[in-house]
Amino acid sequence: MRPYLDLLRDVRRHGVRKPTRAVLRSTGEKIDALSVFGRQVRFDLAAGFPLVTTKKVAFNAIAHELIWFLRGSTNIAYLREHGVTIWDEWADEHGELGPVYGKQWRSWRGADGEVVDQVARVVAGIRAVVEDPAASVGRRLIVSAWNPAEIEEMALPPCHTLFQFSVTEGRLSCQLYQRSADLFLGVPFNIASYALLTHLVAAVTGLEAGEFVHTFGDAHIYTNHLAQVDEQLSRDPLPLPRIEIDAGLRDLSAVSREQIRLVGYRSHAALRGEVAV
Ligand SMILES: Nc1nc(=O)c2c([nH]1)NC[C@@H]1CN(c3ccc(C(=O)N[C@@H](CCC(=O)O)C(=O)O)cc3)CN21
Ligand SMILES: O=c1ccn([C@H]2C[C@H](O)[C@@H](COP(=O)(O)O)O2)c(=O)[nH]1
């Protein structure tokens, strides 16, 4: 996980301290962040599954959150059933988050009421490129969660905003544009989530997973996470785990937790940090 640790060190050293809109629930205080604008890191998925090892990361929560996105859900009920609490702070009294990721990925509403399943389209597009590398969709394999017409109804405007796939010599790569990135809490989740998504899409299209390229807008460390970041930067990364996807997987809407296996994950001890809301 050197690329992640290098980015963390870069922002720790060179980030500019800025006020943010976010607050800490425990004290009600506004919280500052050390921030940079515009960075990129990349992970070769053949070299291992990019799950941060310098603290213990809750892979189970990551896998369930991705399954929840892929089912098109925007209510935290599914997450709660599986003991995942990461979205609780943003949900209303009915567990609703508004038209966030699941809605935009699976049922983006066009102006005339047309419903677009962006994930199904992109999978069909990848299959077309596997058949014919010159297929016209080859450089248009994009899913966007940023729907300007619906931003105001969302509990939080999408942070992982847009992603694109590319097929090269039997390998499937994915690049994410993340407009805003909480490097200590959110980013270890985001990296693992998109790496897992790349493996899942590769599995249903008969490809090998290639690279995950992570491009950032505002990448920041909240000032209440500085001690945990320093501790993490003093630790040596451990060898990466592997991911195994059930060979029977065909339909991304129906992927289950049991079809995903993380093998050989070893990490340093957990480091707690309060999330800024
Ligand atoms: N400030 C902020 N950072 C985020 O990363 C973030 C948001 N807000 N809002 C929406 C989602 C929710 N996400 C979250 C929220 C909480 C954790 C978190 O507390 N993680 C802890 C405990 C995980 C657990 O075991 O449940 C961690 O140590 O990783 C992670 C991602 C990512 N997003
Ligand atoms: O997947 C996610 C979701 C959220 N975040 C972080 C990035 C920011 O710290 C906050 C969002 O606040 P904004 O003021 O809307 O940028 O959540 C993340 O890192 N990853």
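Cβ coordinates come from backbone N, Cα and C, glycine included.
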Listed co-binder of dUMP (same site as Arg139, Arg140, Arg179, Ser180, Ala181, Asp182, His220, Ile221, Tyr222, source TrEMBL) among Asn75, Asn190: Asn190
Using Cα positions only, nearest of the recorded positions to Arg139 (dUMP binding site) (Cys159, Asp182, Ala276): Cys159
For Asn190 (dUMP binding site), nearby residues of its own chain (Cβ under 8 Å, 6 or more apart in sequence): Cys159, His160, Leu176, Gln178, Ala181, His214
Which same-chain residues, if any, lie at least 6 apart from Asp182 ((6R)-5,10-methylene-5,6,7,8-tetrahydrofolate binding site) yet have Cβ under 8 Å of it: His220, Tyr222, Val275, Ala276
Binding-site residues: Arg139, Arg179 - member with fewest neighbouring CB atoms within 10 Å: Arg139
Local confidence of the domain 'Thymidylate synthase/dCMP hydroxymethylase' (3-277) - pLDDT mean: 97
